[in-house]
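J.: Take this structure first; my questions come after.
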Amino acid sequence: MLVVLLILHAVSCAHSHGSPGAAVPVKQCPSACQCEEDGILLLVDCSEQGLSSVPTDLSPLTSYLDLSMNNISEIQPNAFRNLHFLSELRLSGNHLRHIPGPMLQGLYNLKVLMLQNNQLERLPSEDPWELPNLLSLRLDANLIMEVPARTLSGMRSLRHLWLDDNALTEIPVSALNDLSSLQAMTLALNRITLIPDYAFRNLSNLVVLHLHNNMIRTLGQNCFEGLHSLETLELNFNDLQEFPVAIRTLAKLQELGFHNNNIKAIPERAFVGNPLLQTIHFYENPIQFVGRSAFQFLPKLHTLSLNGATEIREFPDLKGTTSLQVLTLTRAGLTSLPYDLCHLLPKLKVLELSHNVIEELPSFYHCTSLQEIGLQHNLIKQIEMNTFQQLGSLRSLDLSWNSINSIHPDAFFSLQSLIKLDLTGNRLSNLPMTGLTSLTHLKLKGNMALSRSFGLEDFPNIRVIEMPYAYQCCVFGGCSSYRSASQWEEQMGSEEEDFQKKSPSLFPIHTDNNYDLDLEEFQLAIEESKLQTSIQCTPIPGPFKPCDNLFDSWVVRLGMWLISLVSLMGNSLLILTVFTSPSYLSPVKFIIGTISGANLLTGLCTGTLALVDARTFGEFALHGAQWEMGAGCRAVGFLSVLASEGSILFLTLAAVQCSVSVSCARAYGKSPSLGSVRAAAVACLALSLAVAALPLIGVGEYGATPLCMPSPLPDGEPSTLGFMVALIMMNSLCFLVITGTYIKLYWDLMKGDFDSIWDCAMIKHVAWLIFTNCLLYCPVAFLTFSSLLSLFPVSEEVVKSVVLVLLPLPASINPLLYLLFNPHFREDMRLLLSRAHLNHDRNLDSFVSVDTEKSSYDSTQALVSFATEADGVFESLSVPNPETVARFTCPPSVALIPCQMQMKPSTDRENTGENLIRSAPGLIAKEQEHIRSSGVDTQNGTSIFSGAYHSTGPSAHSQVFT
């Protein structure tokens, strides 16, 4: 009751001293604010109202006033004169540049003053703020460059001072001398370069001091003198060149952070004056030397972090530091661990030794409290039976990115609490299953030799699993219930973020003082119950990683068999007739044969895939990994690319050869020789071999999919993506060259200014090849290119079907075009059958007499004489050479097909040559009949005739037939 009377008396006095017109009701709330009563006092919230000045109608009973996030740039001198009960004033987030001392007069009960996030450049020096009961002052995030000596002299009760994120260049030593009650201060995020001696000599009650994110290079030897109560010191993110030996005077120091500096050495007995140290964060320093006694005899130390000390080769001596619970020594140069590690650190819970060069592990038998071990990115090759024995509390074990090729069958036998195991990126071919039944998280990605199948019975509690192959996820429901890629990536992204935070990371680096593994696991369990309702297994099976069958549908399956059979039979027959026929092998005909050879390889690869599909029908997941990683898949991929590129390059050569032949015949009267065409074909073959060999040396990958071709999907390796794009661009360029070349060829033929007679069968055949191959390649190139670059959504099913059917389809169509529509095939077959029949007759009539042989000799001589005479006649005429005539007039069924629509007027000599050509078949036929009737060896006769034919050279071919 007495307190209430005193308050009312004070209020009445305040009104009596004011002008009558300015009287304010006791509990009136400003119109732009929200008020709440706190007993007889008033809490006023005027934040974020766009105010440009302090409201004038504030109640004198206001105890809390929030004016933050407004547009106030200046405060009137008497704005708070009557607010004697004000205990908290918030002016943050305004545009204040200066606050004079008189503005805060009379606020004797003010305990909290917030002025952060303004534009304060200077503090009052002549008229200091008289705030005797102020406990907390926030001046952070301003533009303060200096704190005058008398500014803080009226705040003798101040306990918390924020001066971070300003423009200070030195410690305000004089201003701090009057703050003997100060308990916490931050000077972080300034431009301080030096801490002088005795900078904090009167701050005997200071417990927390933050000096991080400055430019401090030098510390005075006695700079921390007087800080008898200091427990937390932050010197992180500075430019310290030497270890801060001045910390030895801080007898009560418990938490020390000076990571991200430029300190190169930790001296012997570095922390001898800090026996109560509990946490040391010293990572991201270029440490080259650590004294053996540096971390000895720190019985309270429970967290030690030395990340990034790349020059450390030996494990630090931790004798007497028996309370250590979290030890982090990552990105150092450790080559081994002491065998008595667990005797030295019996309470160790978290051991993080990633990114070192450790090759062998000691036994962790006596580290019974260990809950997390991180040994990723080392050189460990094998895990012995006793390495992790009796670690009943171990929950997380990270052995990823080592060279582990062997794990003892009982290595995990006693790990009953193990729930997370990471073996990513090793060389395992087998995984022991004993002791892994409690796992909820398992990572085996990157162990490409580990192709065995796993079952649900192997991991009954599994929730998240990463396998080397997508086929191994089929048993975990990957085919039926896998989520979309975006949803999976979202969760994986959240897991990566959580790696840096407190919740479900696989192997976090702990920096907090009060680390609680049980709390983390509890949080992890809650998150998993929310996010996961089924087993999440990656990589996710799909059309290019099928679970049941290599081919998704019977249409594709039957189509592949049909393409394979037609290609194998058709191309074999074509090659047989082209290269074994006794008829003249023209350059274009030779190229047609090489194209058929490439198509035969394509048919062989297609048939191999069809056989694999038949062999693994209904259970491809059991064999998919072995097929992908096997030599057979790589061979199929190599031959597929070789055949595909060879076919396109040979087709390009055929188009160019036809065009060049026409041009050369018009200009020089002859076409390129068969030898030059063969050399060009060898060059095309060499280029195809080089392209097909690139994935074998790491540019692309043949085993990325069970189709054994470089993956046409955008989620492949960058090298594979680049290889596929380059392949499509090169093939598209070839088809452009082919199209342009043949347009020019037809333009030249339409002019009709050639003296020679051309056989258009081959020219038309090459044109049909160009049309069909280009027509079939366009959708393949378009869909593959769109899929690789994600130009628009293309389902994997469509891409797979197109690649399987349309890509090898030309290999079956090309030979059919030749076998069904090209007259040269029929003639070559007739010659082959005739020769076979004659060979059979020769075997029956092998008892020829000497007289018969003589008559045969005479006939042969007559035939040679005829050929010689024909040579003389044709050399004097502008008509085709006689041997070419003989070759193509022997079969009377082959017709001369002129390409040009009109010919030049024939001369008498041309008519004479034409008559001779027309009479040649009769002469040769009569001679052959004479030979046959005389019982002469027809094969020898053919050979002699061929010799006579070749005596004049193949150049005549360019003037008559292709």
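Each residue, glycine too, has its Cβ placed from N, Cα and C.
Small disclaimer: the values here were computed from a predicted structure and weren't measured.
Per Swiss-Prot, the feature repeat 'LRR 3' maps to 83-106. According to Swiss-Prot, the repeat 'LRR 5' annotation covers 133-154. Swiss-Prot lists 155-178 with the feature repeat 'LRR 6'. Summarising the annotation, Swiss-Prot assigns repeat 'LRR 10' to 251-273. What Swiss-Prot lists as repeat 'LRR 11' is 275-297. Taken from Swiss-Prot, the feature repeat 'LRR 15' covers 370-390. What Swiss-Prot records for 416-438 is repeat 'LRR 17'. What Swiss-Prot lists as transmembrane segment is 559-579, 590-610, 647-669, 679-699, 723-743, 766-786, 801-821, and the listing cites sequence analysis.
Show me how these features fit into the structure around them.
T.: If one looks beyond the repeat 'LRR 3' (83-106) by at least 6 residues along the same chain, the residues whose Cβ comes under 8 Å of a Cβ in the stretch are 7, 10, 14, 41, 47, 58, 60-77, 112-124, 126-131, 138.
Within its own chain, the repeat 'LRR 5' (133-154) is flanked in space by residues 92, 108-126, 160-169, 172, 174-176, 178-179, 186, which lie at least six positions past its ends and keep a Cβ under 8 Å from the stretch.
Note: the repeat 'LRR 6' (155-178) comprises 4 helix, 3 strand, 17 coil (DSSP; helix = H, G, I, strand = E, B).
On the 0 to 100 pLDDT scale, the model's mean across the repeat 'LRR 10' (251-273) is 94.
Secondary structure of the repeat 'LRR 11' (275-297) per DSSP (helix as H, G, I; strand as E, B; remaining residues coil): 0 helix, 5 strand, 18 coil.
Long-range contacts of the repeat 'LRR 15' (370-390) within the same chain, counting only residues at least 6 positions beyond its ends with a Cβ under 8 Å from a Cβ of the stretch, are 330, 348-364, 396-408, 410-415, 422, 507, 517.
Residues 376, 392-405, 407-410, 444-447, 449-450, 452, 458-461, 466, 506-507 of the same chain lie 6+ residues outside the repeat 'LRR 17' (416-438) yet bring a C-beta within less than 8 angstroms of a C-beta in it.
Distant neighbours of the transmembrane segment (590-610): 550-551, 557, 560-561, 563-568, 571-572, 574-575, 578-579, 632, 636, 639-640, 642-644, 646-647, 650-651, 653-654, 657, 674, 677-678, 681, 684-685, 688, 707-708, 762, 765-766, 769, 804, 808, 810-812, 814-815, 818; these residues of the same chain sit at least 6 beyond its ends, with a Cβ under 8 Å from one of its Cβ atoms.
Outside the transmembrane segment (679-699), and at least 6 residues removed from its termini, the chain residues within Cβ reach (under 8 Å) are 590-591, 594, 598, 634, 637-639, 641-642, 645-646, 649-650, 652-653, 657, 710, 719-720, 722-723, 727, 730.
Note on the transmembrane segment (801-821): residues 551-553, 556, 559-560, 562-564, 566-567, 570-571, 573-574, 592, 595-596, 598-600, 602-603, 605-606, 609, 643-644, 647, 707, 709, 712, 765, 768-769, 772-773, 776-777, 779-780, 783-784 of its chain, located 6 or more positions outside it, place their CB under 8 angstroms from a CB of the stretch.
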J.: Going through 559-579, 647-669, 723-743 one by one, which has the most CB pairs that fall under 8 Å from the transmembrane segment (766-786)?
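T.: That would be 723-743.
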J.: For the repeat 'LRR 3' (83-106), what are the DSSP-based totals of helix, strand and coil residues?
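T.: When I sort the residues of the repeat 'LRR 3' (83-106) into the three classes, I find 4 helix, 3 strand, 17 coil.
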